[in-house]
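**Student:** According to Swiss-Prot, the feature compositional bias 'Low complexity' maps to 439-451, 462-472, 487-532, 576-587, 659-686. Sequence annotations record features per position, and here Swiss-Prot assigns compositional bias 'Basic and acidic residues' to 549-558. As annotated by Swiss-Prot, compositional bias 'Pro residues' applies to 599-616. For SER46, SER300, SER394, SER576, the entry in Swiss-Prot reads phosphoserine. Among the features that Swiss-Prot reports, phosphothreonine is placed at THR47, with the record citing experimental evidence. According to Swiss-Prot, the phosphotyrosine annotation covers TYR273, TYR367, TYR384, TYR478, TYR610, on the basis of sequence analysis. Per Swiss-Prot, region 'Disordered' is recorded for 314-345, 436-634, 650-696. Residues or ranges marked as topological domain 'Cytoplasmic' in Swiss-Prot: 1-71, 119-143, 209-213, 274-696. Marked as topological domain 'Extracellular' by Swiss-Prot: 94-97, 168-189, 235-256. If you look up Swiss-Prot, you'll see 72-93, 98-118, 144-167, 190-208, 214-234, 257-273 marked as transmembrane segment.
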Amino acid sequence: MADESLHTVPLEHNIDYHIVTLFERLEAMRKDSHGGGHGVNNRLSSTLQAPKRSMQAEIRTLEFWRSIISECLASFMYVFIVCGAAAGVGVGASVSSVLLATALASGLAMATLTQCFLHISGAHINPAVTLALCVVRSISPIRAAMYITAQCGGGIAGAALLYGVTVPGYQGNLQAAISHSAALAAWERFGVEFILTFLVVLCYFVSTDPMKKFMGNSAASIGCAYSACCFVSMPYLNPARSLGPSFVLNKWDSHWVYWFGPLVGGMASGLVYEYIFNSRNRNLRHNKGSIDNDSSSIHSEDELNYDMDMEKPNKYQQSQGTYPRGQSNGNGGGQAAGNGQHQAANMGQMPGVVANAGQGNYCQNLYTAPPLSSKYDQQQEPLYGGTRSLYCRSPTLTRSNLNRSQSVYAKSNTAINRDIVPRPGPLVPAQSLYPMRTQQQQQQQQQQQQQVAPAPQSSHLQNQNVQNQMQQRSESIYGMRGSMRGQQQPIQQQQQQQQQQQLQQQQPNMGVQQQQMQPPPQMMSDPQQQPQGFQPVYGTRTNPTPMDGNHKYDRRDPQQMYGVTGPRNRGQSAQSDDSSYGSYHGSAVTPPARHPSVEPSPPPPPMLMYAPPPQPNAAHPQPIRTQSERKVSAPVVVSQPAACAVTYTTSQGSAVTAQQQQQQQQQQQQQQQQQQQQMMMQQQQQHYGMLPLRPN
């Protein structure tokens, strides 16, 4: 394998990270369903529930501007109601009446406005609440700044409207402040604003928390908190409420106290609730820590097993050879033992077992291969070599592991074997789909050699049948005709012509008349048309032109391919069915004249196709077949362009003496021996167009 290195996946693209996030969100939804039985809690502000977005994208949203408008309108109504209640009591009213009117108006107004605008903007209606939410990162800084601006603007607008509609004699108590509060020092008033604002903001956080299980309505809780705090020396509790009357009446005495006290108290309340009293964050941190511990323990266990697997082959490599699982450096044993002790201590395991692993006394597990007891033992692969768990690293794959299960679409090794040079040796023909029974053909050949003809008139026909059967053995079932029918090697033509001349000289007294057309002299004498090299087995036959003299040979019937003449040609021959089996009839329109005095020329031998060489020896010869059986399995002989009509006539009535029969039998045996020798020479000269079989 070219590359066996392990690649780690980043945390953002790891499936474990997404699974943990999914479980966290499901837990939040479950807690929302359990604690959300009230309508106000289910309609929390989108500022607390919306996902984090960039400030530029947040400004472009409609929800952002709707929230700002709702905060401005709520602050306007709150300042107008609270300051109007204090001013309505009158200038000479008692302190208790002013305090009661202001506290009730503040609590009821805040409860009503919270119920109206909680699902839109969160119903802050107080810069201290907005700043506390910004500190704990519940809202963005740009939203907090816009909220505070809208709240201050709404407060100024409410105070201005109230100042305009108030009777001139009742404008003195417009600030809704008790007269004795002026006797207190600045730091005393700062402490009162800090403590009371801390309580109000804490009540807001608890009431609007969707994870908190409580009894009652969030709007009522917030209103009660404002009312209770207003009964204590009537503080402002809201910088926007102090800014509006001060701006309209132009009274700025110790105005910084009413800004810094509520803002600092609100920020302190938000931080305390977020990091101390917020159950959601505590559960989230606890779950995240437990998940990290579990994953770290799983990682440590897998790394421990992996390091042990990497270490053990390194020990046995020194004495028993290499190990196919992986490689490690020289310090792998010490590091694995040290890491194993540390990780085992974190997981609560026995460090002694892991420490002994570096010394060889380790515990066998399912994923490791047992050590080799001797050099004769074969190396065994682990029972399961895949990924052991969701969090562990896969072991280094080897070629042996890949050979276990190969896919259907596995890459073949044809490209590898393509460049391999075949081994030297004898050429072995490829095995055909249909088996070529060479042994049976050899047995038939031996039987035909031992067969003796009963009558002299059929001796030449029997020799022709032997040639046809020999031609059948030399042809393959996938054989095709060559591109030039009349081309053969000169040596084979000369040998076959000599054979035919000897046959004609040895049978001068037989009553057989043969007539054969001579081929054109240009085909026999032209050396360019004769093949000079190897003739391809799968050649394509070229169609002759109409002006060519060979076009008459292309009009043969399909029956003439097998050397059998049709019914229309049988009338021209006086032979029987058996004798006409081996006769060849040309495709000429007019039969040639018969001249017994002219010495016939030997016919061209049939073209030999590709075939495996027959074995010389046969164990069991088959029984002799008759002429009718040989007629059924008609041999296929490809006729040459120079072939012409040949007819044989036998004189069955002529008396033959026993001496002539013996001479003919001797001649036939000599001819058969010569034919066998010539066939062996031809087979040695044949070329095969097959490559040797490649080794697997």
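The backbone N, Cα and C atoms fix where each Cβ goes, and this holds for glycine too.
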**Student:** Please count the residues of the topological domain 'Extracellular' (235-256) that DSSP assigns to helix (H, G, I), strand (E, B) and coil.
**Tutor:** 11 helix, 0 strand, 11 coil
**Student:** State the mean pLDDT for the topological domain 'Extracellular' (94-97).
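**Tutor:** Mean model confidence (pLDDT) across the topological domain 'Extracellular' (94-97) is 82.
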**Student:** Given a Cβ distance threshold of under 8 angstroms, which distant residues of the chain, six or more beyond its ends, lie next to the topological domain 'Cytoplasmic' (119-143)?
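**Tutor:** Counting only partners 6 or more residues beyond its ends, the topological domain 'Cytoplasmic' (119-143) has Cβ contacts under 8 Å with 40, 43-48, 52-53, 55, 58-59, 64, 66-68, 70-71, 74-75, 78, 110, 113, 151-152, 197, 200-201, 204-205, 208, 219, 237-240, 262-263, 265-267, 269-271, 273-274.
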**Student:** Going by DSSP assignments with H, G and I as helix and E and B as strand, what are the residue counts for the topological domain 'Extracellular' (94-97)?
**Tutor:** 3 helix, 0 strand, 1 coil
**Student:** Would you mind listing the long-range same-chain contacts of the topological domain 'Extracellular' (235-256), meaning Cβ under 8 Å and 6+ residues beyond its ends?
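**Tutor:** Residues 75, 78-79, 82-83, 106, 125-128, 151-152, 154-160, 163, 171, 174-177, 182, 186, 189, 192-193, 196-197, 200, 226, 229, 262-263.
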**Student:** Measure the Cβ-based neighbour count of TYR273 (phosphotyrosine), defined as the other Cβ atoms within 10 Å of its Cβ.
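**Tutor:** The answer is 19.
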**Student:** According to DSSP, does TYR273 (phosphotyrosine) sit in a helix, a strand, or coil?
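**Tutor:** TYR273 (phosphotyrosine) sits in a helix per DSSP.
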